[in-house]
Amino acid sequence: MSDYSHYVRKFALPVGLFLAYCAVARIGLYIHPLDAHPTLVLSPGGIALAAILLYGYRASAAIAVAVFAVALFAGASPLVALVLSAAGTLAPLAGAYVLRNFLVFSASLQRLVDISGILVAAVLSAAISATLEMGAFFLAGLTADTLSSSIWLTHWVGDMLGVVLFAPFILKWCTRPLSGRSTKLRIEKYATVAAVSITSFLIFWMPQTHFAYYFVFMPLTWAALRTGQRGTSLSLMCFGTIAVFGTALGYGPFIDQGLLLMIFIVTTGALLYIVSGVVESRKLGFRMLEGHVDDLEKALHQMSSEDVAKTKFLSVLAHELRNPLAAVLSSVELLKISAGQNRDTAEQLGTIDEQVNVMAGLLDDLLDISRISHDKLILKRETVSLNDIVDRSVRAAQAMVLRREHTLTVAKPSEDIPLDADPIRLEQIMLNLLSNATKYTEPHGSIKLSAKIEDSMAVIRVRDTGIGIPRHLLARIFEPYYQIERGQVLTEGLGVGLSLTRQLVQMHGGTIEAVSEGEHQGSEFIVRLPVTVHTKAPPAKKAKDSSSSKTPVVAHHALKVLVVDDNAGVTDALGRLLSLAGHEVVRAYAGAEAIQKARQFHPDVAILDIGLPDMTGYEVARRLRDNTGFTGALIALTGYGQEHDKKMARDAGFYKHLTKPVSFKNIEAALRKIAYSKANNLPT
């Protein structure tokens, strides 16, 4: 197959081009001169230009031989034939060179610039050809007086006519398959060509049709608008051929006006090609736009899939990291008890405890960012006291402040400020800002937290004397995962704290901004939140006075606790802590084992992990109630801490949902409440 293709390229194409060129040239020579000047009204220059554009400059050899042969056959001398051969070869070569090197030409003619380039090449190549032909006529013996400008103009228009008729037709019908459109569109295209041919025949093959040639514009315009460049080129080919032959035979509106006919065909063709080029360019633009839309839809689908996968990954990652953190935290609690009064050991264990809580906080921030991006974080609003939130935030940040030896100053209004807010999230906002201040403030620096009313808004300011923020970075510090460099080292953390803070503030209907005079000038973060109108801040919650209760509060009551977790480290450490606290403990490491032991142990409380290997914690809870007669309290102790996890726990009848890692004092606080309810016959 490759040898055959090589043979076709090397021999068949040049031979075919030679024969086609000679045939069209001979037909043009047989047509009588339309004016008093000899000219080729069907110039094969368009064939030559199309061949060079399709097959390269090597096609020029066949063209040169064909022009030379036609000239000799017409009776020209060898010298004149040689000049005509040069004219017929150099003209299409120049046109092709301009198209390829200056117009980024495509032979598919799908763009307006492509068809416009063909028209430019027609003007240029026809001018070169006509000029060289005048030289050939001079060599043939014609005097300068005989070679008037009208002869040059006639040859120029005739050569342009050949390019306009033949070049687009050959290029369009040779570069794309014929079945590129639907059957309906193909029928429309050929019906339009037939209408053009019939109209042209009625105009140019009938006598006394001086003004009827305007009617040909109707089917030609339809061809340009509806059939693309292929249908337009075929329609123009039929129209031009019928018009030329009809006029040569003495019919139609251009009898004895051959130059006007050629000008009419050239201008009509140029106009229709431009119209068709505009239409095709728009169609191409729409197809490209549709392709871009499809690409965008695929990209969005991929992003959505990746986002879902990322969220699932974060959830699983958080769960898998919380389990070892829970074991570490429980082990630290045990070591604290064993260490007793040993100060050095207590400090080291405190450091471990603090870092475990830091890691848990990072996991919480990551999950919060994910929840907010999916609109799954729901605020639990209530009327809260801003002063109370400030106090709680300061207590929570005290360890960070002391470790860095900072001076923390707090300024609160004398009258409390009521806010409609989620107290946990509001405390998270302040704690994130205080944490950020401690990170970027050198030891022995100062931090100031203030809260007051400004323009009917609660304004919270956190000011530090830290490294400051360059002005060009003030707009970027709230971007997720962005951190300011301290020299060549990034500050610890993931860089999500400020981004999360801004989103939480916005969810509360507020704003946050960062202010800094520049590097080493400190920074200030200003949060503005709407104040609850005509509502007093809730009074601070006070502990219940046990003396006023009808039933005395039990200070401590040992409980029978079933601890179920497939992580042996968590189960064993928590079991030992509960035993040291005076509770009777049984441990299980799978759901089926827990149900079996519950039948014998009859626990008051079951602390269940949700992600057990053989069944979920929810299924264990159901079977405990249905199969063992369990009537105690259920506590979920799990690494799954998102909102829907907590809701599922509530729906399954769990008394408490605790997210790992959790301090033992929180577990003990929940057990004390259960013990109190049990001792006083209250529901849990």
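Here the Cβ of each residue, glycine as well, is placed from N, Cα and C on the backbone.
Caution: TrEMBL annotation is automatic and unverified by curators.
Same-chain residues lying 6+ beyond the ends of the transmembrane segment (12-31) with a Cβ under 8 Å from its Cβ atoms: 40-44, 47-48, 51, 55, 59, 61-63, 65-67, 69-70, 73-74, 166, 244-245, 248. Residues or ranges marked as transmembrane segment in TrEMBL: 12-31 (among others).
Annotation source TrEMBL lists transmembrane segment at 37-55 (among others).
Positions annotated as transmembrane segment by TrEMBL: 62-84 (among others).
Here TrEMBL flags 90-109 (among others) as transmembrane segment.
If you look up TrEMBL, you'll see 116-140 (among others) marked as transmembrane segment.
The transmembrane segment annotation in TrEMBL covers 152-175 (among others). Within the chain, the transmembrane segment (152-175) has long-range Cβ neighbours (under 8 A, six or more residues past its boundaries) at 24, 35, 37, 39-47, 49-51, 53-54, 91, 95, 107-109, 115, 118-119, 121-123, 125-127, 129-131, 133-134, 229-230, 232-234, 236-237, 240-241, 258-259, 262-263, 265-266, 269-270, 273.
Marked as transmembrane segment by TrEMBL: 234-252 (among others).
The transmembrane segment feature in TrEMBL is assigned to 258-279 (among others).
According to TrEMBL, the domain 'Histidine kinase' annotation covers 316-533.
Here TrEMBL flags 560-675 as domain 'Response regulatory'.
TrEMBL lists D609 with the feature 4-aspartylphosphate. Shown in sequence order, V564, D565, D566, N567, V570, G617, A636, L637, T638 are the residues of the chain, 6+ apart in sequence, with a C-beta less than 8 angstroms from the C-beta of D609 (4-aspartylphosphate).
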Residues of the same chain, at least six outside the transmembrane segment (62-84), with any C-beta under 8 angstroms of its C-beta?
13-15, 17-18, 21-22, 25-26, 29, 44, 48, 51-52, 92, 132-133, 135-136, 139-140
Report the mean pLDDT of the predicted model across the domain 'Response regulatory' (560-675), rounded to a whole number.
89
Could you tell me how many residues in the domain 'Response regulatory' (560-675) are helical, how many are strand and how many are coil under DSSP?
56 helix, 26 strand, 34 coil
Can you name the far-off residues of the same chain, 6+ from the ends of the transmembrane segment (90-109), with a Cβ under 8 Å from a Cβ of it?
45, 48-49, 51-54, 57, 60, 63, 115-118, 120-122, 124-126, 128-129, 132, 159, 163, 168, 171-172, 175-176, 229, 277, 280
